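Annotated features, as they stand in Swiss-Prot:
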type	residues	note
TRANSMEM	15-35	transmembrane segment
TRANSMEM	88-108	transmembrane segment
TRANSMEM	117-137	transmembrane segment
TRANSMEM	159-179	transmembrane segment
TRANSMEM	191-211	transmembrane segment
TRANSMEM	239-259	transmembrane segment
TRANSMEM	274-296	transmembrane segment
TRANSMEM	313-333	transmembrane segment
């Protein structure tokens, strides 16, 4: 359907169809993220020997996150007097919009994808970097030293870990011969790239956690050092924009890992009778669980350790993986 609409002449009908699909995707993602946050809180509670949310919406706390969202929407919208008002208002939108834009190219099954473009992987990496501009803008516009430090940390962290993140997937591009995410999944029909590219997977996973600003790389919003980091002065629905963008990226990155390294919707061996959507959901859930496990387990590292690890460890390993992959492809494929 999407391909037909893209190839048809421009018209107001097509515009409203695309607009309706975009709004539908927005609400679907927001609903998923709402309960994804609840799932994370329950898993963290289990790992820490707690029950987690258990009051609002029954014993499982099914409406806890919904109540939290309503609370944020009803809070007073305050803007500091000394803040740069236009940029302060614009920053959450700049951080929020790209988070949804990247989901357009993720193939969840062979038939369920919003837009199948030839350079889906390049598009994801390029668009995801825009969020950092929103974070830095919010930190600077707040006219608060803690916010500014958080924004500067976010920029330094993104620059340091975007490079090994990109380098780690070059091995996959060499093997698949394409930047199209559907073709990368198709190339894993016999063997998943996590087994062919174990070094690339480890580098990508670590760099992805750093890009998401999650523990142990959550320096831009380190509560014990910077109050709340770049969104210290934000409250209500503007703060919710930053939070939602963080979690949409979290689930988007888990989807990308599933596509690049775990074969997407490809089944395991003789279990092909199980629908591809189920396989994607299982692999995606495993990656999400692993990332939550990281958050609960590891302590935050220091800023100098973060920079050294990115430039002196991950980047050389990612470069070595490219040469190793090229050599293997030349000799055996």
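The backbone N, Cα and C atoms fix where each Cβ goes, and this holds for glycine too.
Sequence-distant contacts of the transmembrane segment (159-179) (same chain, at least 6 residues past either end, Cβ-Cβ under 8 Å): 118-122, 125, 129, 187, 193, 196-197, 199-201, 203-204, 206-208, 210-211, 217, 260-261, 306-307, 310-311, 314-315, 317-319, 321-322, 324-326, 329, 333. Of the two recorded stretches, the transmembrane segment (88-108) lies close to the transmembrane segment (239-259), with three or more CB pairs under 8 Å once pairs fewer than 6 apart in sequence are set aside. Within its own chain, the transmembrane segment (274-296) has Cβ neighbours under 8 Å at 36, 39-40, 43-44, 47-48, 108-110, 112, 205, 209, 212, 214-216, 250-251, 254-255, 257-258, 262-268, counting only residues six or more beyond its boundaries. Between the transmembrane segment (313-333) and the listed ranges 15-35, 191-211, 239-259, the one holding the most Cβ pairs under 8 Å is 191-211. Listed by sequence, the residues of this chain that lie at least six past the ends of the transmembrane segment (239-259) yet keep a Cβ under 8 A from its Cβ atoms are 29-30, 32-33, 36-37, 69, 72-73, 92-93, 95-96, 98-100, 102-103, 106-108, 124, 128, 131, 134-135, 138, 181, 184-185, 204-205, 208, 211-214, 230-231, 280, 283-284, 287-288, 291.
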